[in-house]
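Participant: Reproduced below are the annotations present in TrEMBL:
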| type | residues | note |
| --- | --- | --- |
| COMPBIAS | 430-443 | compositional bias 'Pro residues' |
| REGION | 413-443 | region 'Disordered' |
| TRANSMEM | 12-30 | transmembrane segment |
| TRANSMEM | 86-105 | transmembrane segment |
| TRANSMEM | 117-136 | transmembrane segment |
| TRANSMEM | 156-183 | transmembrane segment |
| TRANSMEM | 190-211 | transmembrane segment |
| TRANSMEM | 266-288 | transmembrane segment |
| TRANSMEM | 300-320 | transmembrane segment |
| TRANSMEM | 326-345 | transmembrane segment |
Amino acid sequence: MAALLGSRRALWAAFGLVHGWLLLLGVVLVPDRAFWDLSLYRYWVGTGLAGGAWPVLDDPWVYPAGALVPMLVAALGGTGDGPGYGLAWSLMVTALDALAVLALLRVGRRRATGLRGAWWWVAFLALLGPVAMGRLDAVVAPLTVLALVGAARAPGAASALLTAGAWVKVTPGALLLPLVLTVRRPVRQVVLPALAACAVVVGAVAAGGGLPRVATFLSAQDGRGLQLEAVGATPWVLAGLVTDAVHRYMDQGLVTWQLEGGGAEAAAGALGVLMAVAVAAAAALLVRARRRSGDAFAHARVRLAFVLRGSMLLTLLLIVTNKVGSPQYVGWLAAPVAVALTVGLPRWGRTAAVLLGTAAATQVVFPWVYTSITQGAVAGTLVLAARNVALVWLTAETALELVADVHRARGPGALTAGAAPPPRRRAPGAPGPSGPAPAGTPG
């Protein structure tokens, strides 16, 4: 088994098998259940190509404008009722995932843990199932891996990639916060690259006449109720098993299952406030952790550990406090774990294991038993509740580990083990690595 896990050929074979299986599920076997969202993407793009009426450019849209890009790329397979669009989408996602694996292999090439993150990533995709391929989030996840791999040494490129991802699905934008706290020149290294990426997107939308609608995605979720799968909906989902006061219903306009009764409507409103408070608290914790890290931040490894743990915490908070609990959201969590395992950061093993279990439970919920959950089936509802409890546990664990990472970085702990010490300036004339500095030259 050790030889198998240490083989790049075996890794790429597993990668091909997993992506082939997900493609088969979504394009051939159960497209209506697995890749349902692709029908919407195909409709939007097909309408634009045929009649010139585009989301954002002509009408308000639930997604940021950048989401049109992958939808258009997949249109190379056609926008008719056949499998062409789904096939093109699957191949696009497979190519992006391959780039993520290559990035993980490159950053881990001189480490004993070099293949661990890539193997974990492939296993995670297999366990998460069709939503790991058939959603916009499947485009964002590998982009986030690419950004986090270079976060410590190329923060400008990471900032641009995260911002580009945020213009597809908003969440990667939150990862700019831990990134900006790790650099010496935040404006030049993070803010300006992010603004440049924004300028490209906004400029393209303005050229198409959609500038008044470029930010409509920010308010598109305001009217939504408490979605059935949301972590915050768990008490009401469980209560619905024993009381008629809570009802499951399909919102025909949004095509989502939601909850009503028993205070569910008030909970949906409260979660919006809770999300803002939770993100603000996480930001304060990150700032405090950064200040307490002191000189340890001179090590690229310590900076990367901070970015990864901070990214994980913010992403978890955006999931557990969200009144919308779509199954593909779990895919947001994979990138920091895969990178952390690749570079051998300590105390990520338990997080990685729990997240694999969470991904598996998510696939059970959707697409396999989701219909029964909407009908109030006990077994499926309990799987959903257990998945949500795991997400809450991961949130608490990540917050505690972020604080622990700071203490490890300040002491002789594992975070800086194997890392080269930060360079120090030599006084003029002081002996250097090859003897005294020549007279008249800077030290």
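Each Cβ is built from the backbone N, Cα and C atoms, and glycine gets one as well.
Automatic prediction, not curation, is the source of TrEMBL annotations.
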Participant: Before we move on, state whether the transmembrane segment (300-320) and the transmembrane segment (156-183) share at least 3 Cβ pairs under 8 Å, counting only pairs 6 or more apart in sequence.
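Facilitator: In this chain the transmembrane segment (300-320) contacts the transmembrane segment (156-183) - 3 or more Cβ pairs sit under 8 Å.
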Participant: Mind pulling out the one from 86-105, 117-136, 156-183, 266-288 with the most Cβ pairs under 8 angstroms to the transmembrane segment (326-345)?
Facilitator: 117-136
Participant: For the transmembrane segment (12-30), find every same-chain residue at least 6 residues outside the stretch whose CB is under 8 Å from a CB in it, and list them.
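Facilitator: Beyond its ends, the transmembrane segment (12-30) has Cβ neighbours at 38, 83, 86-87, 90-91, 93-94, 97-98, 101, 119, 122, 125-126, 129-130, 132-134, 367.
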